[in-house]
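Here the structure comes first, spelled out in structure tokens, and everything after it is commentary.
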């Protein structure tokens, strides 16, 4: 197996992999949560899973390969063209709205042409069922054959046009919350500031120097083994990583989240459906050569895929997950002193929160996620600010995104340590995750005649994701903020029970 490192669409490094080990799991104290029914049982309520390799069978029996289809509301795009165009402008998106509408109108016209031809073909077939003169029967046979040939061509054109429309329409980002600041990153607004920078009475070091003095990292050996932007953690740094992971999991589980460890390889299809571009220019995704698989850049991807192509029970919502995984990112285009050390690396451990909920609840759960993040970082004694990110800094799936930037004294600046995004139905329309709202009316008697009556039509869930702990950035914060004049580093009190009682 080979792993490609893509930069600007060009393969600049290929790593041969004999095998990729599964992620190491983190121990969790069993006392933290009582046993309860696993939400994975909800999968039994799901509809049948669609094949990952898509094909379309035409009415004439021919099979045409086609790409996966997102349940995009094209009618809404057309009816709200000006609002969609304004959203694209605010996000500085390169999506071609005019082409999408043109392709959609062509698709509608072609669909009508195909339907008319099918009706005509059926009419001919029905005429042949009765008593028909031999000459007339022969004429009908020829007419039916000609109609079939035309239909084959038109249906193949329909598949191609549908694929073209999907490719263009999938470039259109989510709509944006009306209160989100408009513009680039500099236009993002501060929602909240917690704490103040520590006043040091001695010359401070950055985390790279601290790690060197305390023998916590080895960047040089990692560069020889794996390349730049990789690292070995050593000694107490290993315990600090494990302590952070287990403490974060225990804190978030108390909020009602189900813990997961996830696959760290995902199909390219699932990566795309979550809103990432695994093979685009300047991709952040490592693709595995000769396969349809990628290394995940975040647990959001495999967690989002758990309920793919499912109809969830209304009573099961919200579904709250907290997932530990290793993450892999190419960091294409990243360079400079601001990315040195652990701040920007190709592989790291992360704890991610993910929620699936009813549409009317997603704004409230977005606030809940950012409050959990703020509570976690406050307990660790960090000075940070929460930002409402501007439109041009939003990823395609995000309706609204909050970032948290913490003060990193050794680097002399704030650095992003977390984000929380409300993706509304952008991902669920691609992943096929719906729920069936419970009807307020009394259920009908369970008879064959009443089967299926009074059932509400399924609706798409909303999805949200948030970083609970990105380990390397947290190591930067803790080492730099808790450094002492004698060169030692104090361990924050909440982490000590998860590090065998180590205080310094």
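Cβ coordinates are placed from backbone N, Cα and C, and glycine is handled just like the others.
As written in TrEMBL, here are the features:
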BINDING   298, 329, 352, 465  L-serine binding site
BINDING   329, 330, 331, 345, 346, 347, 348, 416, 417, 418, 419  ATP binding site
COILED    100-164  coiled coil
DOMAIN    254-492  domain 'Aminoacyl-transfer RNA synthetases class-II family profile'
REGION    434-457  region 'Disordered'
SITE      467  site 'Important for serine binding'
| When you measure from the Cβ of residue 417 (ATP binding site), how many other Cβ atoms are you left with inside 10 Å? | 23
| request: Tell me the Cβ neighbour count for residue 352 (L-serine binding site), meaning other Cβ atoms within 10 Å of its Cβ, over all protein chains shown. | output: 25
| query | Which of the recorded positions 331, 346, 417, 419, 467 has its Cα closest in space to the Cα of residue 352 (L-serine binding site)? | reply | 467
| said: Cβ atoms within 10 Å, counted per site: which of 298, 419, 467 has the most, among these recorded positions? | reply: 467
| task | Looking only at C-alpha atoms, tell me how far residue 467 (site 'Important for serine binding') is from residue 419 (ATP binding site), rounded to the nearest Å. | result | 6
| request: Measuring Cα to Cα, tell me the gap between residue 331 (ATP binding site) and residue 298 (L-serine binding site) in whole angstrom. | output: 13
| query | Within 10 Å of residue 419 (ATP binding site), Cα to Cα, which of the binding-site residues 298, 329, 465 are there? | reply | 465
| Cα-Cα separation of residue 329 (L-serine binding site) and residue 346 (ATP binding site), in Å? | 5
| note | If we take the residues 298, 329, 352, 465 that the record assigns to L-serine, their largest CA-CA distance in Å comes out at 18
| request: Sort out the sequence-distant neighbours of residue 346 (ATP binding site) for me: same chain, 6+ apart, CB within less than 8 Å of its CB, listed by position. | output: 226, 227, 229, 230, 328, 329, 330, 331
| Measuring Cα to Cα, how many angstrom lie between residue 465 (L-serine binding site) and residue 348 (ATP binding site)? | 18
| remark: For the coiled coil (100-164), the averaged pLDDT of the predicted model is 86
| message | Cβ within 8 angstroms of the Cβ centroid of 298, 329, 352, 465: which residues besides those meet this for the L-serine site? | response | 296, 297, 299, 300, 301, 327, 350, 467
| said: Taking only the residues the record lists as binding ATP, namely 329, 330, 331, 345, 346, 347, 348, 416, 417, 418, 419, what is the largest Cα to Cα distance between any two of them, in Å to the nearest whole number? | reply: 19
